[in-house]
């Protein structure tokens, strides 16, 4: 059964446009509360990023949840993975995050976590959707839920992040720049790295509700690259608005993407005999990652794009490490979902163990040229179903004769078609990608 509201990563859209409206959030809170209450006594944690609309939606969700008899614990601005962690430690039935991740401030959305800190099962999302289409009824007055605020949430999460590296670990002597994207990591990330001994220069940690992800963070790396050079730092770390993506910059100012971070973490675990199985990437993972892992004898499989699919594959195989080139990195040996701060700490530990800088360590992975072009399209039939697009994709794949890949897919969160071509010759790859992107644009007109 297809879902009406839930996408690949919860519910997301433009603020003020259905369903990202206060009245829908009120009803969503009620529907979620009713669904969670079927599991017994109901306690729900609610956190958010720094978007100005978060206050509005927090109040609406709070009203809806309590009207269904659920108790609500408000966490305030916190990284998405912190809500997953705290949902477990508070033994809540669920955690809710108000965020649109790496999107600009005029988007917002809702993500749900189970009480185990994992994404909600499909059947529970479907139950919530069914309840959304029924009349809203308030529980009797004596059963209305209570609301409390958790004032030490940041401190709890900071200590959890620090616990992901061995006791006594010190990054003293390491000079780093971190870009918090004016988002949910703005308080906790500087504290984590400073308390572990690093010298920290902080960028984009003055959220005003409107500047989240605005020319900063993991989707706009220029500011961090410049700062690493001007500050003579050892490396830079960029988070996205809700703290579940991380990218890095080495001391030369070069960007280190999620594929490279995943390789560094996996190789470190492998060398210490703690990898447990293989590595999960996605259809967008660079071919070079697969080849480099193969050289180490590490199995590699590709999941669909989206961290929930990476997580599902990890769970099915009982493996520990997976991620996306966009910077979602999952370390199941420490947490239940993609966590940018914890992933960054694992990279720093790997560098410390090898006594290498990031620029040196990343050389072990030689990436194949990969060109990604995003093509925006309107409503109607997907351009991917057009015969001309299918024929061109097959022709390009055949022309690369097994030494490259073509991937055309719709975004799960935006009206975009992603055109990706990968191979050994960069000019050839770019030519093929531009040819396919032009064709997708033409058939979308």
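Each residue's number is its place along the chain shown, starting with 1.
Placed from the backbone N, Cα and C atoms, the Cβ positions cover glycine too.
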What does Swiss-Prot list, out of 87, 101, 393, 411, as binding the same Mg(2+) as 240, 242, 244?
-> 101
For residue 242 (Mg(2+) binding site) and residue 101 (active site, phosphoserine intermediate), the CA-to-CA distance in whole Å is 5
Looking at the recorded positions 101, 240, 242, 244, the one with the fewest other Cβ atoms inside 10 Å is 101
As a whole number of Å, the Cα atom of residue 101 (active site, phosphoserine intermediate) is distant from the Cα atom of residue 240 (Mg(2+) binding site) by 7
